[in-house]
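Listed features, source TrEMBL:
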type: BINDING; residues: 110, 173, 205, 236, 379; note: UTP binding site
type: BINDING; residues: 206; note: substrate binding site
């Protein structure tokens with residue numbers, strides 16, 4: 001996992017590097033001194049661990065399949081609470097809101113991208129929770145974990161929800177310095193976030209939620225308000241809604257046997273081979289990410305037959321347990337070393353952790369194998385096309401598969417590079433095609449769609465370089481290949 005330079009660096013060297021940077025940074029701290037001090041102490045701790053770890057974080061021969069009772073089928077835990085409102089009042093919803101929309105060609109927080117009927121990810125989240133609060137006369141709050149990249153823009157937008165029946169809280173995840181891959185020295189020369197030095201900093205992955213949530217004071221506040229669990233998920237997963245059956249399973253257990261951590265997993269398909277999976281390791285349920293897998297075993301890790309489920313990153317976690325683990329300094333997550341290249345060509349590494357990796361620290365941790373419908377992430381415009389289509393219906397902020405769809409599976413959609421950016425993608429569809437009977441869609445090159453197009457079965461549309469294909473309004477393509485000269489052939 002570590003570079004040769006890391007292995008050669010002694011603990012004394014580490015302390016010298018850390019102290020030198022600390023002096024450099026702290027002498028230039030005009031504002032937010034406490035926050036920067038907390039961030040630096042967190043980084044220093046992670047950096048120490050990174051330099052001390054030798055070799056891979058898992059020994060492949062020690063990996064075992066989880067015991068059968070450690071991953072429960074969703075059908076087995078189904079059951080509604082006798083008092084839904086009483087159960088909901090023990091819950092807070094936390095959305096991971098640190099990411100930008102740059103991969104989809106958008107500026108600002110990803111949560112502010114419109115995904116359905118002019119509603120953004122954040123709009124849909126607020127609508128979902130407001131619906132629960134109104135229907136059951138409850139007070140489920142929404143908590144957003146922002147990053148320094150998203151905090152300012154998000155807070156401006158939050159004003160529009162002032163009159164909604166949802167209390168919204170925010171806290172910021174940490175800000176850590178990127179590390180020069182060769183020298184292992186931190187990249188930033190000051191604490192500034194504007195100009196050339198701004199790309200020297202990064203948010204250290206969603207595993208930072210525990211320390212930052214605890215340090216913000218929000219954890220204590222929610223405990224004081226009678227909250228017992230948080231439901232954590234990525235804000236771009238439109239399937240991650242509050243599930244009353246899982247909540248009931250948590251709150252209905254006797255105190256000594258309560259699950260402190262539930263990870264929602266779902267069956268792996270070929271599209272999910274890189275997703276983290278649950279294993280048994282040293283007698284504990286543990287999350288195994290592809291970054292931890294020795295190169296010789298990557299193909300084995302990707303096998304759908306051996307590792308049959310993957311982590312959706314929908315997590316239900318006990319607030320009291322987070323507090324206990326933080327105060328005892330017992331929160332232990334594997335370090336993910338993420339290599340990056342900055343705009344100027346400098347090779348750096350980011351030290352990150354994943355929120356699900358802490359599962360091994362909690363008592364009575366459990367995986368629940370949920371329906372695929374609870375995993376509906378929007379990472380690309382291909383995903384966006386699916387959720388904007390008539391495959392789904394929107395009700396109270398939640399997307400559900402249309403009853404008119406005869407198969408429960410989602411079509412496989414692959415849009416080419418001409419569709420990568422949201423704005424360009426939108427200009428290529430006069431209206432979103434009818435996709436109720438679609439199995440597979442591949443589009444490559446300069447292609448546009450007229451109004452009221454219907455796609456069925458397997459449809460492949462490829463415009464050669466320099467050519468353009470305009471699918472006429474009202475077209476119905478079923479099991480067709482459309483090539484650069486607009487020949488339409490049976491598939």
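Backbone N, Cα and C define each Cβ position, glycine as well.
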Key: binding-site residues: 110, 206, 379 - member with fewest neighbouring CB atoms within 10 Å   = 379
Remark   = residue 236 (UTP binding site), Cβ-centred 10 Å count of other Cβ atoms over all protein chains shown, is 22
Query = Between residue 110 (UTP binding site) and residue 206 (substrate binding site), what is the CA-CA distance rounded to a whole number of Å?
reply = 15
Ask   = Counting across all protein chains shown, how many other Cβ atoms sit within 10 Å of the Cβ of residue 173 (UTP binding site)?
value = 28
Remark   = Residues near residue 205 (UTP binding site) by Cβ (under 8 Å) yet at least 6 apart in sequence within the same chain, in sequence order, are 336, 338, 352, 353, 354, 355
Taking residues 110, 173, 205, 236, 379, which bind UTP in the record, the widest Cα spacing (Å, whole number) = 21
